[in-house]
Amino acid sequence: MKRVSLTQYLVEEQRQHNTIPAELRLLIEVVARACKTISHSVGKGALGEVLGTAETENIQGEVQKKLDIISNEILLEANEWGGHLAAMASEEMESIHPIPNRYPKGEYMLLFDPLDGSSNIDVNVSIGTIFSVLKAPEGMAQPTEADFMQAGTRQVAAGYAVYGPQTMLVLTTGNGVNCFTLDREMGSWVLTQRDIQIPATTKEFAINMSNQRHWHAPVQRYISELLAGDTGPRGTNFNMRWIASMVADVHRILNRGGIFMYPADTRDTSMPGKLRLMYEANPMAFIVEQAGGAATDGKQRIMDIQPHKLHQRVPVFLGSRDEVAVVTGYHTEG
Ligand code: AHG
Ligand code: MN
Ligand code: MN
């Protein structure tokens with residue numbers, strides 16, 4: 001089999017479709033390199049003294065794991081000097097991170113969840129990194145948070161790395177979804193799946209069932225119908241999976257279909273759901289839509305939401321489009 005490297009893929013994609021100019025290619029390659037470094041740290045585990053909790057909390061009030069901080073540092077350092085970015089933003093940093101004055105600035109802005117699925121780090125279960133790329137607004141001088149407040153439809157690229165039995169990079173630049181596997185001996189990313197398509201129908205769902213008593217009526221109805229199986233209105237049995245790493249759950253769905261949900265509930269209405277719009281929901285929505293799936297907040301397309309703050313949360317329903325349509329319909333009807 002002829003191997004196609006990430007670099008070769010990016011160059012050829014630019015030649016054919018003109019979607020990956022040199023600066024964006026550099027950006028993607030630098031992020032991919034950073035993910036390789038994170039993968040190496042993840043793989044060392046206790047031997048690299050990277051497991052366990054740091055003594056700090058992030059802006060979301062979550063206790064940070066050592067790997068949350070290490071991964072954030074790796075992504076910041078890797079992306080500062082290349083001249084392709086104007087600013088970055090991260091789950092692990094309260095404010096945006098403009099490129100320091102000692103480096104040239106570029107026209108892109110990068111957002112990331114450096115380490116997704118933190119609760120799985122110490123138990124050796126798949127975790128990941130999620131990223132989203134926006135363009136800096138025309139004429140932007142000193143970047144501010146307001147410059148990042150762009151709907152998901154404005155993303156020029158999005159992707160994730162999943163650190164599982166294999167390390168993989170899944171990428172879209174708006175022309176389908178492709179997957180690269182890290183060749184650990186060679187240290188290179190090799191194209192292993194082209195143009196991934198999510199099956200439109202599915203019999204598999206993912207939700208944290210422990211929150212059931214807090215759900216709103218449309219989610220109660222939808223899940224109870226799935227659980228009723230072939231004795232209920234759906235007339236068929238559904239299976240359930242919940243990895244508690246969005247990256248790993250989405251990766252399963254890309255490969256064999258499924259629906260992933262993290263709904264808002266009746267607890268704290270100022271925090272609708274758990275997932276963050278800018279660096280979790282939007283990039284995953286872009287990838288899922290590019291693979292023929294759908295992503296809504298229950299009422300509208302996630303990528304159409306106009307953001308109002310960097311760390312805002314959003315309910316998420318994504319995956320196989322027929323199931324996303326059913327649960328979205330339950331929210332919007334009547
Ligand atoms: P993070 O580790 O970046 O904070 O994200 C964890 C998220 C997401 O990856 C996962 O789907 C969800 O939290 C799991 O939530 P529960 O703990 O409620 O299962
Ligand atoms: Mn996350
Ligand atoms: Mn995270």
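Cβ from N, Cα, C; glycine included.
Pulled from TrEMBL:
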BINDING   GLU91, ASP113, LEU115  Mg(2+) 1 binding site
BINDING   ASP113, ASP116, GLU280  Mg(2+) 2 binding site
BINDING   ASP116, GLY117, SER118, SER119, ASN208, LYS274  substrate binding site
DOMAIN    5-193  domain 'Fructose-1-6-bisphosphatase class I N-terminal'
DOMAIN    198-330  domain 'Fructose-1-6-bisphosphatase class 1 C-terminal'
For GLU91 (Mg(2+) 1 binding site), nearby residues of its own chain (Cβ under 8 Å, 6 or more apart in sequence)
ASN58, GLN60, PHE112, ASP113, PRO114, ARG276, TYR279, GLU280, HIS311
On the domain 'Fructose-1-6-bisphosphatase class I N-terminal' (5-193), the mean of the pLDDT values is 96
Of LEU115, ASN208, LYS274, binding-site residues neighbouring ligand 2, Cβ under 6 A
none
Across all protein chains shown, the one of the binding-site residues SER118, SER119, ASN208 with the most other Cβ atoms within 10 Å of its Cβ is SER118
For substrate, whose listed binding residues are ASP116, GLY117, SER118, SER119, ASN208, LYS274, the greatest C-alpha pairwise distance in Å:
16
What residues, ordered by sequence, lie under 8 A Cβ-to-Cβ from LYS274 (substrate binding site) and sit at least six positions away in the same chain?
TYR262, ARG313
Which binding-site residues of GLU91, LEU115, ASN208, LYS274 contact ligand 3 in the sense of C-beta under 6 Å?
GLU91, LEU115
Across the domain 'Fructose-1-6-bisphosphatase class 1 C-terminal' (198-330), DSSP yields 59 helix, 21 strand, 53 coil
Once the chains shown are all counted, how many other Cβ atoms turn up within 10 Å of the Cβ of LEU115 (Mg(2+) 1 binding site)?
31
Neighbours of the Mg(2+) 2 site ASP113, ASP116, GLU280: Cβ within 8 Å of the Cβ centroid, same chain, sequence order.
GLU91, PHE112, GLY128, THR129, ILE130, TYR160, MET246, VAL247, LEU275, ARG276, TYR279
Would you count the other C-beta atoms found within 10 angstroms of the C-beta of GLU280 (Mg(2+) 2 binding site) for me?
27
Cβ atoms near GLY117 (substrate binding site) (within 10 Å, other residues, all chains):
21
Could you list the residues of the same chain, at least six apart in sequence, whose Cβ is under 8 A from the Cβ of ASP116 (Mg(2+) 2 binding site)?
ILE127, GLY128, THR129, ILE130, TYR160, SER245, MET246, VAL247, GLU280
